[in-house]
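See structure below.
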């Protein structure tokens with residue numbers, strides 16, 4: 001007892017160094033004590049009106065996966081970091097489908113940006129505002145606050161930068177399909193998930209009103225998901241569980257009218273996954289009564305009907321619906337389009353960067369995540385330059401030894417070469433020099449070298465628009481900036497084939513750590529490195545553990561796990577809030 005009294009006095013006298021959180025568990029009578037230390041809190045928060053810093057200024061646009069991972073790793077002792085985002089929180093977007101049905105609450109998957117900044121001793125400045133324009137010539141960004149206009153002060157401001165990190169994500173791409181913006185729900189933001197949740201309840205409440213015909217009830221309870229990718233499939237699975245585990249118990253009179261349909265333009269859902277997972281998902285959806293319409297393209301959406309074209313027959317079909325969720329396509333934000341025009345990328349669909357995440361056409365601007373794509377160099381475009389650099393004796397032929405000396409740099413600069421060698425089971429450089437009949441060759445001329453590498457570029461793959469890619473890019477860029485001076489004097493990248501010397505940094509290399517597809521009924525599918533595929537109930541528990549561990553803070557980790565436990569015990573809430 002004396003020890004507890006002493007501890008209480010210590011905590012009370014040093015409140016700036018620790019927090020005490022006491023959580024009483026009603027169901028078990030247990031007591032959990034959680035102490036969060038803050039050894040850095042003695043430092044003063046940097047004020048906005050501080051004297052001008054001699055440090056280079058890095059302006060970060062966005063607080064998604066790319067921006068947040070960058071903020072967590074960048075060396076703030078070397079850079080003056082300033083963040084601009086229209087939302088003052090980071091959202092764990094892979095759990096948005098769970099938010100739509102109340103499996104997880106919205107506040108459980110968000111972490112305030114200022115909490116993240118606080119852990120960096122408060123030396124990062126944040127402004128809740130939207131970027132309107134990037135001026136790469138004068139190195140400024142124009143911003144506007146969306147906070148209540150009735151409050152005093154102006155809303156527009158601009159920031160100068162030495163380095164700009166564009167990590168604003170993407171908006172929905174409707175492919176100019178008529179009626180999509182007016183009548184469809186999307187699933188990109190937390191607010192989208194909350195609107196979907198309210199609409200689902202609206203559909204059920206409207207369907208139990210007296211006097212409606214059976215046809216009207218069926219229409220109201222027909223939920224259509226456009227897009228058979230991971231987001232669409234996971235939402236369909238979550239919705240199915242929500243309906244048949246919770247809602248039919250409180251709306252028993254309309255349980256027979258519920259229908260869930262997934263419309264996919266391709267031949268299979270989850271077509272970016274292993275074929276075994278795609279097949280497993282389709283079979284499970286069939287057992288669950290979820291209709292999967294593959295080979296169909298939506299042509300328009302009206303207030304009560306969705307029109308689609310069946311590719312195999314060319315017929316147009318009109319389908320009544322109660323709610324449509326559009327979960328396909330990645331679009332570019334307006335100010336990013338304007339920026340692309342300024343840097344000569346107006347003909348591209350998405351912002352292009354090089355392998356070091358530098359935006360092409362301008363200097364000191366980097367782009368991460370869904371708003372950009374890495375434009376990889378093709379080997380065949382540089383084949384002559386590579387040959388000349390490797391031919392040290394200027395003999396006009398390339399020996400196996402000469403090629404072996406530059407192969408490591410080639411693989412780093414052109415990762416598709418490594419993929420080609422592995423896929424063709426070519427273990428050594430000499431294997432690549434074999435002629436069409438399989439005979440070994442000690443040397444090749446330029447034409448033979450072109451022939452040897454002619455199929456390499458077919459291995460090039462664009463990076464998927466996932467949280468995993470954006471997070472790795474943010475970490476990579478932060479580490480590059482942290483080691484800027486060191487790598488400028490001692491380059492660590494591959495050799496420059498078009499000039500002398502070496503690149504300062506290694507190019508970004510994405511490491512695929514696997515992907516999950518929750519399929520409802522406490523079953524999931526996973527595709528993990530090493531061609532390992534797992535499906536079933538055990539995979540769902542693996543999904544729980546991985547997603548809990550990937551939360552950005554202990555606070556959100558506790559809240560998410562608590563929501564999962566609450567759902568198991570009490571079910572999902574059906575209140576329209």
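Each Cβ is built from the backbone N, Cα and C atoms, and glycine gets one as well.
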The annotated motif 'Microbody targeting signal' range in Swiss-Prot, which must be one of 558-567, 568-577: 568-577
Among 57, 246, 256, which are recorded as binding-site residues, the nearest neighbour of residue 393 (Ca(2+) binding site) by Cα: 57
Number of other Cβ atoms within 10 Å of the Cβ of residue 65 (FAD binding site) across all protein chains: 28
Spatial neighbours, same chain, of residue 251 (NAD(+) binding site) - Cβ under 8 Å, 6+ residues apart: 204, 207, 208
Count of other CB atoms lying within 10 Å of the CB belonging to residue 397 (Ca(2+) binding site): 17
Rounded distance in angstrom between the Cα atoms of residue 231 (NAD(+) binding site) and residue 395 (Ca(2+) binding site): 56
Of 241, 256, 391, 393, 402 (the binding-site residues), the residue whose Cβ has the fewest other Cβ atoms within 10 Å: 393
From binding-site residues 221, 226, 246, 256, 402, the one whose Cα lies nearest residue 81 (FAD binding site): 226
